[in-house]
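J.: Just passing along the structure, written as structure tokens.
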Amino acid sequence: MLHTSPRVDTRKYIPVARNIAKPKMAASQITLYDLPTKKTNPPTCWSPNVWKARLVLNYKGTPYQTTFLKHPDIEPTLSSIGITPNPPMGPAGPQSRYTVPAIHLPDGTAVMDSARIAPILEKSHPEPSLHLENGLHEQAGPILGQVARPLLGVFYPLIMREVLLDDVAPYWRAKREAAFGCTIEEFEAAKGGEGAWQAAQPGFDAMEKFLKDNKKDQGPFILGSQVCYGDFIIAAMAESMSRINQALYDRLIASCVGVQELHEACREWFEKDT
């Protein structure tokens, strides 16, 4: 579920129709919807899910603009461009009606969810290829979940304290506390700390094995020298962890051999972060 930038987008592919709309008004270029951070002004990307989509755009060299949305503005903005809401339950459990990333294409198509965005962009901008046919992104997503879910008690308090805008944090806190049935501080005490990292270690081990077993040569990516969308799933997590808190990244690369090499090999595609 990364080096800190001085400047301050998993699950199996689901048919895209449910979250694609063609509103009457078309944008002049691709718009990517992202989340702001108080760490930088102007804002830059920090969310792992948004990085999955942004990496695709950057890798393909696709021109785009970014609109940063505060959490309370996500639903009204995305519903206004014709995107239908997520169902209450997703593969990983309860989910918000509207989430980022989302993109608005020049023809008016609007797409939400990085898993849906990737195949849309692969079709509209086929080169360089994401090699979705190899299915490695579908394997990487569940493995990433084995890492990220046990670490929510570490991630969420840091996001609330160090990343979210001060006027957004109370809204975000209320949503999470209603879902957890306890305060963020109680959640952190119960699910955070060293116990969270120990619980995540089987996920790190699975990721390390995944990175090792799929190599065709000595290159830094999952397949070796060939880049694919599966690489971006893992690299997005790494970049996000470094931007949330450098200590998270340091612990990540100490826990899983191969992640740092993959992440650093993707460095050029993290340069455009706004």
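Here the Cβ of each residue, glycine as well, is placed from N, Cα and C on the backbone.
As the structure is a computational prediction, the values presented were derived from the model and not from experiment.
According to TrEMBL, the domain 'GST N-terminal' annotation covers 46-123. Look at TrEMBL and you will find 147-244 tagged as domain 'Glutathione S-transferase UstS-like C-terminal'.
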J.: Taking the domain 'Glutathione S-transferase UstS-like C-terminal' (147-244) alone, what is its mean pLDDT?
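T.: A mean pLDDT of 98 is what the model gives the domain 'Glutathione S-transferase UstS-like C-terminal' (147-244).
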J.: Could you give me the DSSP helix, strand and coil counts for the domain 'Glutathione S-transferase UstS-like C-terminal' (147-244)?
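T.: The composition, in the requested order, is 74 helix, 2 strand, 22 coil.
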